[in-house]
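To start, the structure under review is shown below, and the notes come after it.
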Amino acid sequence: MHAITRSGWIEVISGSMFSGKTEELLRRLRRSEIAGQSVAVYKPAVDDRYGETTIGTHNGRQWDATVVDNEGDGPLDILDDDPYPEVVAIDEANFFSDALVEVCNALADNGTRVIVSGTDQTFRGEPFEPLPELMATAEYVDKLQAICSQCGEPASRNQRLIEGEPAHVDDPTILVGAEESYEARCRDCHVLRTGERSEADRAYLTDD
Ligand SMILES: Nc1ncnc2c1ncn2[C@@H]1O[C@H](COP(=O)(O)OP(=O)(O)O)[C@@H](O)[C@H]1O
Ligand SMILES: Cc1cn([C@H]2C[C@H](O)[C@@H](COP(=O)(O)O)O2)c(=O)[nH]c1=O
Ligand SMILES: [Zn+2]
């Protein structure tokens, strides 16, 4: 492969939850630091699982990050750095508004290496914006798989579980969480509940 050297570029790391996206992001960041490059790391305000100012993996690795408002024009704050760092990393991109696409392109157009990580499917198995648009815009895309919690095959899907039961198809898209609410599953083992909602659904739903 002929590596890009005359401009910036966008790298997307995507795939299911638990597939190692954040581990891979941190691996690339460690190598950038070893190379002596300036690095800035951002995470969305909505995801507070690993503390306010760190990004973290499901197996405990962490890196300091700046928290940005993920809604509306909030992601444009990432463009406040002057000059732009050589490397900008953004984790949990699935929580950001579409403004993130504009931000990543502005950085790459100005010579920055942009590394974006986020899951590309909702719990319904549908495209999770802005990942699909970022994947189409990027120079490099890696789509990782986890291990299916049911059958051990490669997992591409995010199974949401509410009190141990598959989530209802009409549930809200955003629910911050990890092992307590999600499993990695393959296409065959991924289940969505339809039909009448239960008491548990009604207690859990907040925004419909
Ligand atoms: N079903 C699974 N398949 C693969 N890894 C898993 C699974 N469940 C937990 N893990 C752990 O999660 C780690 C990946 O964590 P992380 O990089 O945070 O994933 P992601 O950012 O894709 O959600 C793996 O190295 C492994 O230790
Ligand atoms: C599928 C799906 C996921 N989420 C949330 C759950 C987690 O907080 C993140 C994904 O984290 P990871 O680092 O990739 O493990 O996204 C959501 O809100 N809605 C969904 O449909
Ligand atoms: Zn399976």
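Just so it is clear, glycine is given a Cβ too, placed from its N, Cα and C backbone atoms.
Where the annotation comes from TrEMBL, it is an automatic prediction and has not been curated.
Feature annotation from TrEMBL assigns ATP binding site to GLY15, SER16, MET17, PHE18, SER19, GLY20, LYS21, THR22, ASP91, GLU92, ALA93, ASN94. Annotated active site, proton acceptor per TrEMBL: GLU92, in sequence order. For CYS148, CYS151, CYS186, CYS189, the entry in TrEMBL reads Zn(2+) binding site. Per TrEMBL, the feature substrate binding site maps to ILE174, LEU175, VAL176, GLY177, TYR182.
Overlay of TrEMBL annotations on the structure.
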residue: SER19; record: ATP binding site; CB count, 10 Å: 24
residue: ASP91; record: ATP binding site; CB count, 10 Å: 27
residue: GLU92; record: active site, proton acceptor; CB count, 10 Å: 22
residue: ALA93; record: ATP binding site; CB count, 10 Å: 28
residue: CYS151; record: Zn(2+) binding site; CB count, 10 Å: 12
residue: LEU175; record: substrate binding site; CB count, 10 Å: 15
residue: VAL176; record: substrate binding site; CB count, 10 Å: 12
residue: GLY177; record: substrate binding site; CB count, 10 Å: 12
residue: TYR182; record: substrate binding site; CB count, 10 Å: 20
residue: CYS189; record: Zn(2+) binding site; CB count, 10 Å: 17
Of MET17, CYS148, ILE174, CYS186 (the binding-site residues), the residue whose Cβ has the fewest other Cβ atoms within 10 Å: ILE174
Suppose we screen the binding-site residues GLY15, SER19, ALA93, CYS148, CYS189 by Cβ distance to ligand 2 with a cut-off under 6 Å; which survive, in sequence order? none
Quick one: which of the binding-site residues (LYS21, ASP91, GLY177, TYR182, CYS186, CYS189) have their CB closer than 6 Å to ligand 3? CYS186, CYS189
Report the nearest neighbour of SER19 (ATP binding site) in space among the binding-site residues CYS151, ILE174, LEU175, TYR182, CYS189, comparing Cα positions. TYR182
Near the substrate site, what residues other than ILE174, LEU175, VAL176, GLY177, TYR182 in the same chain have a C-beta no further than 8 Å from the centroid of the listed C-beta atoms? ARG160, SER181
Compute the C-alpha separation of LEU175 (substrate binding site) from CYS189 (Zn(2+) binding site), stating it in Å without decimals. 21
Please report the number of other Cβ atoms within 10 Å of the Cβ of LYS21 (ATP binding site). 28
Is any of LEU175, GLY177, TYR182, CYS189 (binding-site residues) within Cβ reach of ligand 1, i.e. under 6 A, and which? none
Please list, in sequence order, the residues in the chain of GLY15 (ATP binding site) that are at least six apart in sequence and whose C-beta is under 8 Å away from its C-beta. LYS21, THR119, ASP120, ASP142, LYS143, LEU144, GLN145, ALA146, SER156
Which binding-site residues (ALA93, CYS151, CYS189) fall within 10 Å of TYR182 (substrate binding site) by Cα distance? none
